[in-house]
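Report on one structure; see the data block that follows.
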Amino acid sequence: MDSGSPYHWLRELRYDSHGSNPMIPLIECAKCVASGSIKTADIGLEYISQISSPHGNGVQRMVTYFSEALGYKIVKHLPGVYKALNSSKISLSSDDILVQKYFYDLCPFLKFSYLITNQAIIESMEREKVVHIIDLHCSEPAQWINLIQTLKKRPGGPPFLKITGINEKKEALEQMSFHLTTEAGILDFPLQFNPIISKLEDVDFENLPVKTGDAVAISSVLQLHSLLATDDEMVSSSGAASFNMQRAAHLGQRTFAEWLERDMINAYILSPDSALSPLFLGASPKMGIFLNAMRKLQPKLLVITEQESNLNGCNLTERIDRALYFYGSLFDCLESTVTRTSVERQKLESMLLGEQIKNIITCEGVDRKERHEKLEQWIQRLKMAGFVKVPLSYNGRIEATNLLQRYSHKYKFKEENDCLLVCWSDRPLFSVSAWKFR
């Protein structure tokens, strides 16, 4: 790997006991999968399984989940095999809640986001009597408990606080309601909690319990990128879509490489890096509809936290390349701050990071939800949707610095375009930006 490679930093990471770096065969294996050299990829995956481990160092753990995803990528084009491998898998609400809790506890990213979001709400709603927060993924009570405690001390008394929490998991909303109403009762705080059981893309903004006079704040933490998921076939003309169906019917007459190549071509059509495609116009109808619906609420504040990576429209090999860079930093920060024997760490890596990696590599079209984009792309998208940026609080930045230092000196943040980027060893991982209705 030359010094210009995005992987030069991996040389500093620990190798396994045999001195082998599993990153190298993984990258080669990914190229084989993308080109359709399945037998070679199979040999590579066999070798990788011998030098990687979900219980090893950070690189070994990450490579384990990337190699697993590559394996699923291969078998997904054999529908019967793929369904058989996944037929017994059950997603429990309790597991989802638990792994989010691990992410909150072991890494500072969610705490950072919540701190900055709450400070922005406090400052923008300073004189409002009725504050209505719409949480697009209501799952962590600590954020709003902290806000309730702070607003209770507001000079002149607290506002009437409404929180409309959106989550497709009923259990998550029930837990949120219990914790928030309990805290409000203890503090004698005026609170109304409105649970909305819904997928993000199905939220009916017109029927949300927003009343005239409500000062609206919207909080979106790692949610909006899922709305970038689109049907790749729909981007092509209807004639092309029909032709693809005819070609699919003759799969036996085509090579596996050709079949994979179709995925890569479709992905390129949607690429925000492509000169053939505007940044997002037409690429994601769901995103455009959703942003327009939010704008109609005329929010006084909209705070967005997103992954700082570019994994939306690129082809398979570029996607893997960029995902290795992003997730390499996440696994490294866990390796540096959490013991290898931690059960919580193992579950976080397997149930959250591993599943995200699998979605990025294995899935295409509407099934690929992990379509991260960089801050500059979100800025352009939000501006075009009719929002203007709100500078983030100085007080919030001071508190955020103290928060990050409690985890590790390698955590830091930097300012960019009136937004904040939280970093690990100078590598931006998440962005936080604040907006308002124009």
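The backbone N, Cα and C atoms fix where each Cβ goes, and this holds for glycine too.
Annotated in Swiss-Prot:
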type   : residues : note
DOMAIN : 13-436   : domain 'GRAS'
REGION : 20-81    : region 'Leucine repeat I (LRI)'
REGION : 100-165  : region 'VHIID'
MOTIF  : 131-135  : motif 'VHIID'
REGION : 175-207  : region 'Leucine repeat II (LRII)'
REGION : 216-359  : region 'PFYRE'
MOTIF  : 224-228  : motif 'LXXLL motif'
REGION : 362-436  : region 'SAW'
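Cβ atoms under 8 Å from those of the region 'Leucine repeat II (LRII)' (175-207) belong to residues 97, 136-139, 141, 144-145, 148-149, 151-152, 158-169, 223, 226-227, 286, 290, 293-294, 296-297 of the same chain, restricted to positions at least 6 beyond its ends. Assigned with DSSP, the residues of the motif 'VHIID' (131-135) fall into helix, strand and coil as follows: 0 helix, 5 strand, 0 coil. When the region 'Leucine repeat I (LRI)' (20-81) is classified with DSSP, helix, strand and coil residues number 48 helix, 0 strand, 14 coil.
Note on the region 'SAW' (362-436): mean pLDDT across this stretch is 93.
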